[in-house]
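Straight from Swiss-Prot, the features:
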BINDING   GLY14, GLY15, SER16, GLY17, LEU18, VAL19, GLY20, LYS146, PRO169, THR170, ASN171, ILE172, HIS185  NADP(+) binding site
SITE      SER113  site 'Important for catalytic activity'
SITE      CYS115  site 'Important for catalytic activity'
ACT_SITE  TYR142  active site, proton donor/acceptor
SITE      LYS146  site 'Lowers pKa of active site Tyr'
BINDING   LYS193, ARG214, ASP276  substrate binding site
Amino acid sequence: MTETTSKRTVLVTGGSGLVGKGIEKYVKETDKSNDVWVFMRSSDCDLKSRESTRSYFEKIKPTHVIHLAARVGGLFSNMKYKVEFFRENIDINDNVLACCKEFNVVKCVSCLSTCIFPDKTTYPIDETMIHNGPPHPSNEGYAYAKRMIDVLNRAYNEEYGCKFTSVIPTNIYGPHDNYHLTDGHVIPGLIHKTYLAMKNNQDLTIMGTGKPLRQFIYSYDLAKYFVWTLNNYEEMSPLILSVGEEDEISIADVARLITEAMEFKGKLIFDTSKADGQYKKTASNLKLKSLVPDLTFTPIQQAIKESCQWFIDNYETARK
């Protein structure tokens with residue numbers, strides 16, 4: 001079976017989340033093949049259970065897997081529930097990769113995160129630096145569980161010849177995100193807070209100083225390069241999927257883009273008594289650039305405007 005010409009059954013775990021919905025939209029708009037894409041929801045299968053995972057793989061019979069499912073949360077939830085973040089993600093990842101091997105999946109691409117990189121490091125970080133030191137203490141439960149995917153990918157390849165690899169996106173945002181005020185990530189959390197501040201005619205309070213820097217990638221851009229990785233990337237080592245270092249932006253500037261997009265007229269107040277987390281996690285996308293020379297990304301102003309509009313249009317049903 002050749003990977004690109006034969007009909008494939010591609011299982012996307014975590015298919016109803018932010019990245020899964022981005023991939024679903026991208027595939028609908030661009031895929032001209034006979035591939036069958038299955039976007040798994042958490043209600044379809046409990047990936048923390050080996051038995052449940054096996055029976056789902058038996059039913060779907062995937063030839064390829066994009067593994068997105070994870071227990072995720074924002075800074076404060078990661079700090080509070082380290083045991084749960086570690087154990088649940090270890091179980092999910094172990095079950096998915098074990099079933100990929102058992103059911104002879106041709107290729108599995110898992111999703112990691114830049115928070116897995118060492119806290120004390122040189123910048124920009126690249127794919128070779130993952131295991132050079134401990135991650136930031138604020139999310140070590142989640143980060144160590146995610147690092148183990150890279151360890152398992154190499155082990156499965158060495159021992160069984162499995163083609164398991166991973167990508168490392170920087171901070172993802174876009175439609176279908178989790179807009180929970182304390183448990184979501186920075187952009188969706190700020191969009192929701194701005195919406196409520198406008199509704200209640202209040203000022204907007206932002207946790208921390210607003211100084212930390214991040215590289216943000218729009219979920220639809222990430223979807224394009226995730227599918228490219230599934231079709232074209234042949235290495236077992238992870239691949240960073242990110243905008244360039246020059247596109248790093250402060251949380252304060254992101255907040256301003258959101259308030260502009262939503263036409264918020266109140267004051268921005270930075271609550272400096274709250275933790276900032278890591279100051280920066282600058283990632284290099286040179287490896288991706290070398291593989292995809294015509295790399296393009298949606299401008300952040302446009303993508304944030306689209307994300308804000310999606311939340312306003314879908315306020316009643318959005319995850320929050």
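Any Cβ shown, glycine's included, is placed from N, Cα and C.
Sequence-distant contacts (6 or more apart, same chain, Cβ under 8 Å) of the residue listed as 'active site, proton donor/acceptor' comprise ALA70, ARG71, VAL72, GLY73, ASN78, LYS82, PHE85, PHE86, ASN89, SER113, CYS115. In this structure, SER16 (NADP(+) binding site) belongs to neither helix nor strand by DSSP; it is coil. Neighbour density for HIS185 (NADP(+) binding site): within 10 A of its CB lie 21 other CB atoms from the protein chains shown. For ASN171 (NADP(+) binding site), the same-chain residues 6+ apart in sequence whose C-beta sits under 8 angstroms from its C-beta are THR114, HIS185, VAL186, ILE187, ARG214, GLN215, PHE216, ILE217. Looking only at the binding-site residues GLY14, SER16, LEU18, the one with its C-alpha closest to LYS146 (site 'Lowers pKa of active site Tyr') is GLY14. For the recorded positions listed here (SER16, SER113), the lowest count of other CB atoms within 10 A around the CB belongs to SER16. ARG214 (substrate binding site) falls within a strand when secondary structure is assigned with DSSP. Around the Cβ of ARG214 (substrate binding site), 23 further Cβ atoms fall within 10 Å across all displayed protein chains.
Cα spacing between LEU18 (NADP(+) binding site) and LYS193 (substrate binding site): 19 Å, rounded to the nearest whole number. The Cβ of GLY14 (NADP(+) binding site) lies under 8 Å from the Cβ of GLY20, MET40, SER42, HIS67, LEU68, ALA69, ALA70, CYS111, each of which sits 6+ residues away along the same chain.
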